[in-house]
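Before any comments, here is the structure.
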């Protein structure tokens, strides 16, 4: 691989730093690129952008690679954040990381990398890419299934995967930390980032309240009994237990309360008691806005596995239909709190086939 130019997305974290080091050891000409995807609150107690950039510079200096910063904030607000607000306004719970990967990290970033003369890009994602016997590129789970991030990458297409390297896909996370310590990376003990990137560590409701108005309404049980008031449907997600404002049962049971449904027309939030309440369990779902890694949908009747949220175990299912921009899945066992706005992602073993945005569950 000597001399081939690769642009590595460097965030200031351990994973992308080790990625850059590994590729340099393999003989690549490595250029580090730091993406600034959010303009606001640079001086906020919750914003780490400035420190992240300083970490990138320190790592680049240590391992001997050139690094630059590029601002994709305008693209991010237009392609990702606007959709995020639309989805919450409609009562759904989006996953902006999925859209960010497809539109920013593997589109705007990829285009910029190609303008720098790179042949490929690389990121610190835990996933794998391989080319099969037919010449198509496949997206696979990372060998370390506990850290696998293929769920967030399922919208990547053939052109994107053909130009992408995921060096950490073959390495356990524990080994990545060991490498960082062994080579003396200044950020070797830095915590992994969690949550939505533009929200950071700030309270989610506080952030969302800056952009969406609160519209209080009744909180009801399935039989119509009013048990409280919600602050606005956008501020709740299906399966949510904390932050509802209800203690034990009004009828004496100590079971926890969960958000079960949202009725946008009447501005009603329905809550139920007990983790396994029937309203939280659904055997089928419908998804739209589909994207398939190979460019083609699976055949109706095919037995697959699916995730309806990150970190969920693969759930056996059958493809009831995959026509045009509509996917219907029937699960072997009813799934818990299937949430409109989240992604339903299909797998055939370790191979990620793609998926779509959940529209409804029944």
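Placed from the backbone N, Cα and C atoms, the Cβ positions cover glycine too.
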Exercise. Hey, Swiss-Prot has ATP bound by 9, 10, 11, 12, 13, 14, 15, 16, 35. Any idea which of 117, 124, 135, 169 it lists too?
Worked result: 124
For this session: Just name the winner among 35, 100 (the recorded positions) by count of other CB atoms within 10 A of its CB.
Result: 100
Exercise. Across the listed ATP-binding residues, 9, 10, 11, 12, 13, 14, 15, 16, 35, 124, what is the farthest Cα to Cα distance, given in whole Å?
Worked result: 16
For this session: Could you check which of the recorded positions (100, 125, 342) sits closest to residue 35 (ATP binding site), going Cα to Cα?
Result: 100
For this session: Compare the C-alpha of residue 13 (ATP binding site) with the C-alpha of each of the recorded positions 100, 125, 342, and give the closest one.
Result: 125
Seminar exercise, completed: Looking only at the recorded positions 100, 125, 342, residue 11 (ATP binding site) has its closest CA neighbour at 125
For this session: Could you tally the C-beta atoms, other than its own, that fall within 10 angstroms of the C-beta of residue 342 (site 'Interaction with tRNA')?
Result: 26
